[in-house]
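Participant: Just passing along the structure, written as structure tokens.
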Number of protein chains: 2
Amino acid sequence: MTPGCSIPGPIEVADDVLYANAHPSMSHVSAEFVPVLGDCIRMTREVLLTTTGQPFLIAGSGTLGWDQVASNLVEPGEDVLVLNTGYFGDSFADCLQTYGAKVDQITAEVGGVVSQADIESALKTKKYKIVTFTHVDTSTGVLSDAKSIAETVKKVSPETLTALDGVCSVASEEIRMDDWGIDVVLTASQKGLGTPPGLSILVASEKAIKVFENRKIPPNSYYASWKKWLPIMQAYEKGSPAYFATPPVNLIYAYHASLTRITKGSPSLGERLQLHREASKKIKAAARELGLKQVPLDENFAANGMSAFYFPDGVTAPDVLPRLFKKDVIVAAGLHKAMKEKYFRIGHMGISVVDEQRGDIDKVIASMKEAIGQAIESKKV
Amino acid sequence: MTPGCSIPGPIEVADDVLYANAHPSMSHVSAEFVPVLGDCIRMTREVLLTTTGQPFLIAGSGTLGWDQVASNLVEPGEDVLVLNTGYFGDSFADCLQTYGAKVDQITAEVGGVVSQADIESALKTKKYKIVTFTHVDTSTGVLSDAKSIAETVKKVSPETLTALDGVCSVASEEIRMDDWGIDVVLTASQKGLGTPPGLSILVASEKAIKVFENRKIPPNSYYASWKKWLPIMQAYEKGSPAYFATPPVNLIYAYHASLTRITKGSPSLGERLQLHREASKKIKAAARELGLKQVPLDENFAANGMSAFYFPDGVTAPDVLPRLFKKDVIVAAGLHKAMKEKYFRIGHMGISVVDEQRGDIDKVIASMKEAIGQAIESKKV
Ligand SMILES: Cc1ncc(COP(=O)(O)O)c(C=O)c1O
Ligand SMILES: Cc1ncc(COP(=O)(O)O)c(C=O)c1O
């Protein structure tokens, strides 16, 4: 990655992962490749702390996970509840509607989360097929409380499924899929999982697979259909090849390299999450010292893998971002439609956090101090 | 690729393409990456000899191109005609039905093509929204006559669109999209285009885009929706970033490297196709000498980028494939449901054909001679 690229994905990936992405072409049905995909399926389970979840690894991006949920777990006309904490909630709802779901949304105020009380009362009004939420909304840095959401759903409407959009949280935030009873975790390769973009990664619980198997009509997508993919994933896991559509062979090698680091390397997965928490605290404390306000309204609902800060009064993106760029620190502009111009986003996931010797976090903090200071100074003149 | 891998895709890719696939991570909205994707859009047009076609480059595989056709160009209940020359025709039809098309099929006999007369009379019975055909069906090696099909459609039913599945033909068979009046060419990265798998590549004619824009209902897929992707492709081509779903950044660098070879390198695109024709002739002549029968019934309807041969009487795959494997020549087993066990397939696309100094084609021929000879011999004992 360009030195110091600190956007919330695609993130910088380790050299051995890049190297694996340049693996000489291999047949997707070769004896060498089959166990590599099989291992990726198994290690994906480890990352999400599930023993019974069914992973789907498909060429695509995070977005394709929404299509999978919408076309395999919901039938046209069924009710779905979307807990909306920003840009990605809007899009998930749009996708669900495309496949015929009747979508109700509870939209949190900007920077806030949806309260358990609101979820509870919504669940009492209607029988929802599924409740979806964005674990970390990348547009706001808001972290939803996955465990409590799943608890509330189980308590009030035990048949309802829960789907967690973990594109910006898998491998940077704690997710205990089995313990918490989450039915779907969907994500992508290019953020906490430290792999180049191009892979849609989804894990479905046994309950979700049962709901899928009991559909009245077949899935209403073809490329995202679990009817097509489930036998393929099962075959590769058992060690034999099967074909529906060609897997992204090189990227699977790259994902394998990154998963091996995450599940078998040092730091352990638990330590990795802890390092994300610490880096996040450091960056948020530094921003507070600079007088920057966080977009998340409550510290307890702020992501550990990214941060979103409002610019100081009178300062805008063109005052800050180019100054950071000159210091080789690339951050992302705002994305939430309500206040795009008023804030910026910093990613701190994966290698820049885990490999502390690189000093990336300190560099980002120092550069942010300078750039914000200069921006404020320039406005005084 | 494993030395001598001669399957009809994924094919071996050039070293500079692999190297590009290991490009350090870049933001998909960075000033460095935007023109790379823009160039890929432009060079994709060059490969298909179109000046006005609209390319779509999306993380996925060839299969996703079918979803794009089915969900953007056909509305539920509309009639579609599928010209079926093998396995991939069955699947394309399945995909179209998934999104609500009413599919009629004309299924050629095994190894044959659909006659122009049959197409003509089908087109006279009903108003079809689109006629689809597999340019090279990878299960049989049958090459359909794209130019004549398009002519027939234009003559009999000028409003009907034509869609060419070029997953196994783009950059190995002649395709003159504008001259012939083909409305959709869909393909994937991993065959003639010489790039690792993971990219769905589709080009739509101006007429197809108009049909899309005049839809009565919105596209019934989300991830494959041109409503989402068209503005993104247009923005990148103009040099500014836009976001719907994260593009497979590294693979776009790899595709760029391969497209640069194909469109700007030596041999020229025309010479490249000629080299495929010559290699194909050589392999097919050698097989004829060995007494092997081709799956395609007519020499004029046989692919130039792959071959499919029946085993000699009494000989089966386990007699031949392991013998080839020992000589480091990996071919593919049969795929057509009618006679899976009776034939094998050899890919001869891309680098193994274009870089003649490698001597790949001679090696394949020599190994095939030995292996088939030994297999026949072993049966005599
Ligand atoms: C929370 C969240 N969900 C979904 C997506 C969509 O993923 P992709 O861009 O890989 O399609 C993103 C992308 O950044 C995201 O941050
Ligand atoms: C003619 C044809 N069409 C479609 C496909 C599907 O492409 P993919 O496997 O990349 O999804 C293939 C795959 O080999 C093919 O050969």
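Here the Cβ of each residue, glycine as well, is placed from N, Cα and C on the backbone.
According to TrEMBL, the feature domain 'Aminotransferase class V' maps to B:18-338. Positions annotated as N6-(pyridoxal phosphate)lysine by TrEMBL: B:Lys191. Look at TrEMBL and you will find B:Arg345 tagged as substrate binding site.
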Participant: Using the alpha carbons only, what distance in Å do you get between B:Arg345 (substrate binding site) and B:Lys191 (N6-(pyridoxal phosphate)lysine) once rounded?
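Facilitator: B:Arg345 (substrate binding site) and B:Lys191 (N6-(pyridoxal phosphate)lysine) have their Cα atoms 14 Å apart.
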Participant: Looking at the recorded positions B:Lys191, B:Arg345, which sits with the largest number of other Cβ atoms within 10 Å of its Cβ?
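Facilitator: Of the recorded positions B:Lys191, B:Arg345, the most buried by Cβ count within 10 Å is B:Lys191.
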Participant: Check B:Arg345 (substrate binding site) against DSSP and tell me helix, strand or coil, would you?
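Facilitator: For B:Arg345 (substrate binding site) - judged by DSSP and reduced to three states - the answer is strand.
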